[in-house]
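Asker: According to Swiss-Prot, the protein has these features:
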type: BINDING; residues: Cys30, Cys34, Cys37; note: [4Fe-4S] cluster 1 binding site
type: BINDING; residues: Trp36, Cys37, Ala38, Gly140, Asp189, Val190, Lys191, His263; note: S-adenosyl-L-methionine binding site
type: BINDING; residues: Cys56, Cys62, Cys65, Cys101; note: [4Fe-4S] cluster 2 binding site
type: DOMAIN; residues: 16-299; note: domain 'Radical SAM core'
type: DOMAIN; residues: 47-79; note: domain '4Fe-4S ferredoxin-type 1'
type: DOMAIN; residues: 80-112; note: domain '4Fe-4S ferredoxin-type 2'
Amino acid sequence: MKEKGLIFDIQSFSVHDGPGCRTSVFFIGCPLQCKWCANPESWTKKKHIMVAENVCKWKNGCRSCINACSHDSIKFSEDGKLKISWDTCEKCETFDCVNMCPNNALKQCVKEYTVDELMTILKRDFNNWGSDGGVTFTGGDPLMHHEFLVEVLKKCYDSQIHKAIETSGYAKQEVFLEVLKYIDFAFIDVKNMDREKHKQGTGVYNDLILSNIEALKKSNWNGRLVLRQPTIAGYNDSDENAYKLIEFMNKNSLYEINLLKFHRLGETKWNQLGKEYEYSKYGDMTNEKMEHLQQLYLDNNIACYIGDNTPF
């Protein structure tokens, strides 16, 4: 199998990404560009770097990265900050700057794995999972590597490994259904039921996502599906949005949703990528508001979990 997957992180002992203790595999590349994203390094499928300016030693005269870069992509601006020319940086294949940095201020965001290399890691972690754990494929969005992912899923099936996925659901329907037929447990995000607001916050309309969920429910798939919503004040926290989602869930016999309280844990990553994070001063969701939304779902016979307080 020559297909390779582009992965930016693998985390063992994950306990909030599906049933039991799991290994989470983070694929690079996402068809959405959510303005609040906690993993903005996952957006592009191109290899790239991140810069931790707080540990960079340029003030002490270090120029290791500049001297190592063969694309002339790294410079210091007049205000003394490290500046990356991303257009030329993303063409790099060697990442000499990362290897030469003595302070680990530069990080390569992606690594290539073959199917066998990834399976070696999963089999290594197998005994850590217990009877109800397994692997969760997340990202980014793993559907962007569907050919590689299907090969991994087949080998997981042969090895009796429980398989979960976290996905936006934004993919061609044949790709979506082909991958999901191998999945035991799925989280699918529904950011907003209003298609214009969905595009405003994520860069894409929600039509394809909703139609894929409907198609999955009409198929003979027998896995467990939990919808997820990152809940953001002023964007998707209205009763109107909740009732529209409740209507959609009841129509499609969906009975579980996980509301995730908005956080800013990804802000540092935005800075390290040279991107502006417009949600840095955005209002927090109160516990009272989260509980109010939860009650709306409960009143309509839908199990609603807040954050990590889940039965899985």
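From the backbone N, Cα and C atoms, a Cβ is placed for every residue, glycine too.
From a predicted model like this one, the values you see are computed outputs, not experimental measurements.
Describe each of these features in terms of where it is and what it packs against.
Answerer: When secondary structure is read from DSSP and collapsed to three states, Cys34 ([4Fe-4S] cluster 1 binding site) falls in the coil class. Cβ-based neighbour count (10 Å, all protein chains) for Cys34 ([4Fe-4S] cluster 1 binding site) stands at 21.
If you take the C-beta of Lys191 (S-adenosyl-L-methionine binding site) and look for same-chain residues 6 or more apart in sequence within under 8 angstroms, you find Leu32, Cys34, His198, Gly201, Thr202, Asn206, Gln229, Pro230, Asn236.
The Cβ neighbour count for Cys65 ([4Fe-4S] cluster 2 binding site), using a 10 Å radius and every protein chain shown, is 25.
Proximity of distant same-chain residues to the domain '4Fe-4S ferredoxin-type 1' (47-79), defined by a Cβ-Cβ separation under 8 Å and at least 6 residues beyond the stretch ends, is recorded for 6, 41, 85-86, 88-110, 269, 271-274.
Using DSSP to sort the residues of the domain '4Fe-4S ferredoxin-type 2' (80-112) gives these counts of helix, strand and coil: 9 helix, 8 strand, 16 coil.
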Asker: Roughly how many angstrom lie between the C-alpha atoms of Cys101 ([4Fe-4S] cluster 2 binding site) and Ala38 (S-adenosyl-L-methionine binding site)?
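Answerer: Rounded to the nearest whole number, the Cα-Cα distance is 25 Å.
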Asker: State the three-class DSSP label for Asp189 (S-adenosyl-L-methionine binding site), counting H, G and I as helix, E and B as strand, and everything else as coil.
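Answerer: In three-state terms, Asp189 (S-adenosyl-L-methionine binding site) counts as strand.
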Asker: Within the same chain, where does the domain '4Fe-4S ferredoxin-type 2' (80-112) have neighbours whose Cβ lies under 8 angstroms from its own Cβ atoms, ignoring anything closer than 6 residues to its ends? I mean 6 or more beyond.
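Answerer: 4-8, 28, 41, 44, 46-53, 55-59, 62, 64-65, 67-74, 272, 274.
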Asker: Secondary structure at Cys65 ([4Fe-4S] cluster 2 binding site) (DSSP, helix/strand/coil)?
Answerer: helix
